[in-house]
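Colleague: Okay, so Swiss-Prot annotates it like this:
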type	residues	note
ACT_SITE	GLU323	active site, proton acceptor
ACT_SITE	HIS324	active site, proton acceptor
BINDING	TYR125, GLN187, ASN210	NAD(+) binding site
BINDING	THR233, GLN255, HIS258, HIS324, ASP357, GLU411, HIS416	substrate binding site
BINDING	GLN255, HIS258, ASP357, HIS416	Zn(2+) binding site
Amino acid sequence: MLKVWEPQAFLEFLNRRRTEFYPEIEAQVRAILERVRREGDGALYAFTRQFDGADLEATGLRVTEAEYREAEAAVSAAFRAALQVAVENIAAFHRPQVPTSWFTTRPDGTIVGQRVTPVDRAGVYVPGGSAPLFSCLLMTAIPAVVAGVPEVIVCTPPDRNGRIDPHMLVAARAAGVKDVYKVGGAQAIGAMAYGTATVPRVDKIAGPGNYYVTLAKKLVFGPVGIDMLAGPTEVMAVDDGSVDAEWLAADLLSQAEHPNGMVILVTTAGPERIAAVGAAMARHTAALPRAETIRRSVAELGAALAVDTLEEAADLVNAVGPEHLEVGVADPWAFLPLVRHAGSIFLGRWTPEAMGDYIAGPSNVIPTEGTARYASPVCVETFIKRSAVTCYSEAAFRAQAPHAVRLALTEDLLAHAASMQIRLAKPDGESPSEGREAG
């Protein structure tokens, strides 16, 4: 079921795929964003009719309290219990990430430091489609709440009846979300970036989406911050034959059931192992309701690569920079130091990637398409910023300002130099008010 690649040929294929441009899609996204910027809610209603088949003008874009109450009554006690475990684990993982402001005084009396503050309002995008991805909501909104963001909102597309899945709404309340808006696609990104009469403008947008959503995030960046450019999902499994082939096959299929999901197997156990895992994938697929999506994903983006050593496997991992990395080897902790580029790493046979999707604690909103080379999963840091703080005493200023003046003059920035020279011209200990009176 998996296409066998020669490693270098696969890396070349991957690089071509990751560097493709889609100017026709960019033109469509730009047009959507511009219409949202100009027309606000009117554009959102029109696009929701066009793309989601829902007419919301009578009921509005914002989820009402009545809808939250209906959702609470609709979900099972078992779901509530599982949700609570997930919420607790996600919050517990992210709390230690919260940084503190700090200040230090140098020997000359200068005080320097950093003041850490959250953004005022965060916008979370949750994809729609055939499944209610409330896990993405939890994994994005909870880090924002833990970071201290005063207001977190969510945009997600409605169904054809103009409703949001009740599990999504219950998850939103459990995560601490203020409001949910029935808006999806690139138009949702535009609404959160520019603001409309209903959807407030946010300071940071986070969450995954399809190519249209990802491109919209890229285009609005600047006036609003974004977490990353997170595209279709990926999983890469490093294997030495020590994990049951049936288990490994099931793990790979867990990502293939997403449209355009990429699955990569790197094994040191030879062609027979690839055949065994592929056969197991075929058997599992036949019994799954999303079999058609899985077969398409695997046919287009499934790959198996045979290597001789785990060191070679690690080189491939670092070249790919996968979103999800499963390390199914006899000693996963010995392999871990070899990994430099991977979004989220799952060690050992009892750690299927799907545990990370729902309940382990780290966010499942993770860099894709090789961006793990420089980017990180959504976390508390996504929603905070640092302000540098500096305070000179007079003595410290007089000691160091001449050096700063020399540097400013060397850059030929005379006004910079003058702002320091005007202070140096004052007699020691004379306040500005004393100087004015003397003049």
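In case you wondered, yes, glycine gets a Cβ from its N, Cα and C as well.
Small disclaimer: the values here were computed from a predicted structure and weren't measured.
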Colleague: For the recorded NAD(+) site formed by TYR125, GLN187, ASN210, name the remaining residues of the chain with Cβ within 8 Å of the site's Cβ center, in chain order.
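Modeller: Close Cβ neighbours, site residues excluded: PRO127, CYS155, PRO157, GLY184, GLY185, ALA186, ALA188, ILE189, GLY209, TYR212, VAL213, ALA216.
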Colleague: Counting only residues 6+ apart in the same chain, whose Cβ is under 8 Å from the Cβ of GLN187 (NAD(+) binding site)?
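Modeller: GLN187 (NAD(+) binding site) has long-range Cβ partners ILE32, LEU33, VAL36, ALA43, LEU44, PHE47, THR48, PHE51.
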Colleague: Using only C-alpha positions, which one of ASN210, GLU323, HIS324 is spatially nearest GLU411 (substrate binding site)? These are the recorded positions in the record.
Modeller: GLU323
Colleague: Could you check which of the binding-site residues (ASN210, THR233, GLN255, HIS258, ASP357) sits closest to GLU323 (active site, proton acceptor), going Cα to Cα?
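Modeller: Nearest by Cα distance to GLU323 (active site, proton acceptor): THR233.
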Colleague: In whole Å, how far is HIS324 (active site, proton acceptor) from HIS416 (substrate binding site) when you measure between their Cα atoms?
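Modeller: That comes out at 49 Å between the alpha carbons.
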Colleague: Sorry to bug you, but what's the C-alpha spacing from HIS324 (active site, proton acceptor) to GLN255 (substrate binding site), rounded to the closest Å?
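Modeller: With the alpha carbons as reference points, the distance is 9 Å.
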Colleague: Quick one: Cα separation, THR233 (substrate binding site) versus TYR125 (NAD(+) binding site), in Å?
Modeller: 16
Colleague: Counting all other Cβ atoms within 10 Å across every protein chain shown, which of the recorded positions GLU323, GLU411 scores highest?
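Modeller: The residue with the densest Cβ neighbourhood is GLU323.
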Colleague: Applying a 10 Å Cβ distance cut-off over all chains shown, what neighbour count does HIS324 (active site, proton acceptor) have?
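Modeller: Looking across every protein chain shown, the total is 28.
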